[in-house]
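Feature annotations, reproduced from TrEMBL:
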DOMAIN    30-234  domain 'Neurotransmitter-gated ion-channel ligand-binding'
DOMAIN    242-324  domain 'Neurotransmitter-gated ion-channel transmembrane'
SIGNAL    1-17  signal peptide
TRANSMEM  236-255  transmembrane segment
TRANSMEM  267-284  transmembrane segment
TRANSMEM  296-320  transmembrane segment
TRANSMEM  416-434  transmembrane segment
Amino acid sequence: MALLWPCILVAATGILATDTPHPRNSTLHHLTQHLLEQYHKEVRPVHNWHDATTVYLDLFVQAVLDVDIQNQKLKTSVWYREVWDDEFLSWNSSMFDEIREISLPLSAIWAPDIIINEFVDIERSPDIPYVYVTSSGSIKNFKPIQVVSACSLQTYAFPFDIQNCSLTFNSILHTVEDVDLGFLRNREDIKHDKKTFLNDSEWEVLSVSSTYSILQSNTGDFAQIQFNVVIRRCPLAYVVNLLIPSIFLMLVDLGSFYLPPNCRARIVFKTSVLVGYTVFRVNMSNEVPRSSGSASLIGVFFTVCMAFLVLSLSKSILLVRFLHDEWRSGQELPLLCLQGDAGTDGSRMDPRTQDAGVTESPVCQEHQIQSETLKEVWFQIRSINNYLQTQDQVDQQEVEWLALLYRFDQLLFRSYLVMLGLYAVTLCSLWALWSGL
C-alpha cells in the first residue's frame, strides 16, 4: 500500500496535465499566427499598388488643459480615432470558431504616418500598444492623447475672448495617391458633439468644425483634414474680480471733477485715486493674459482713464502753483510802495533837520507843515490806488486763468464721460456677442 499512493498521485497529475489546454492549441493563437506568419509591416497593405489606402479620422475633445497666450500654445486632451483597411489581415470567421475581431500589437502591423502639423511638444498620453482588427481587414486605432499645439491666440476681447485653434492631420511621406484621408463620422456630428467634454474648466468648447483639402507642394499632393476647435472663456470670475471694481474706481475718479479745480483737497483726493489705480493695475496685470501681438481692450481703456487722471491732477497742481505765485506777488507790491513812501518822507525831513537852526516866521512854518501834510496824504492815497489797481490786475488774471482751466476741466470731464460710456458699451457688446455664440 505504501508504494501504491505515489503511483496514484503520478497518474492523477498526468491526467490533469493532459486535460489543461495549451495556449498554442487555442483558435485565437492559430488565427494570430495565420495572420502574422507571412505579414510584412514595411509594405503598404494593398494588393494593387495603384489603390490608395484611405484612413478615416475622428476626434473628440475631452478637455482644454491650458491656454498659454504668452507663448501662443494650446494644450488639449482629445480622444483620437483612426480606421483603415488592411487587405492582408482578413480571414474567414467560419474557419476560426466565428472569431470576428481580435487585438494585435500595433508594432507588428503597418500603420499610417499621420501627424498633427501644429504639434509643438511631446505628447503625454497613455501608451496603448494594441489595435482591433476585424475579419474584413478593418483596423481600429483608438487612443487618448494630450496635444500641445501652436495657435494664434488673441486677447483684445478679454475676458469675453473666443479662440479658434486648428489641428491639421496629414501624412508625412505618403501622397494622396498612396494614403488618402476621410471622415469616420458625419461632419455635422463632429461639429456639435460635446458629450465627452468636461465643463468644469475655465474654457468651453463651442464647436469642432472640420474640412478636407489637398495640400500641394513641390514633393507632391498630400491629403489633410483640419479640425477647427472653437473655444470661449467663462468670464464670470473676471467680471467680478476685474470689471466691476474697475468701473467703481472710474466712477470715483469721475466724481472728483465736482471738486473746485483750485481746491488743494482735490489734489490729495486725486493722488489717492492714482494710488488706487496703480495698485489695481498691478493686480490686473497678474490676471490679464499678456500677448506680444495684441493688447486687451480693458487694458487700453484703463490706461486711457489713468492718463485722464494724471492730466487732471497735473492741471490742478499747476493751477494751485500759479495762484500761489500771483498771491505772493500781490502781497509784496504794496509793501514796496509803502517802503518807497517812507524813504521819500525821510528824504523830505532831512532838510528841515539840517535847517532847524534857520529862523523862520510862524506863518511860514504853519504853511510849510500843512503843505507837507497834504503831500503825505497825497502819497498815501496814490499808494493805495496803486495797490488797488495791482490787486485788480491780479484778480483779473486769476479770473481769466480760472475761467480757462474751468473750461479745460469741463472738457476733461466730458472726455472722461465719453470714455466711460465707450467702456460700458464695449463691455456690453462683447458680452452680447459672447452670449450669442
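Here the Cβ of each residue, glycine as well, is placed from N, Cα and C on the backbone.
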Mean pLDDT for the domain 'Neurotransmitter-gated ion-channel ligand-binding' (30-234), rounded to an integer?
89
The transmembrane segment (267-284): which same-chain residues, six or more beyond its ends, come within Cβ distance under 8 Å?
242, 245-246, 249, 252-253, 256, 259, 298-299, 302, 305-306, 309-310, 312-313, 316-317, 320
With DSSP as the reference, give the number of residues of the domain 'Neurotransmitter-gated ion-channel transmembrane' (242-324) in helix, strand and coil.
69 helix, 0 strand, 14 coil
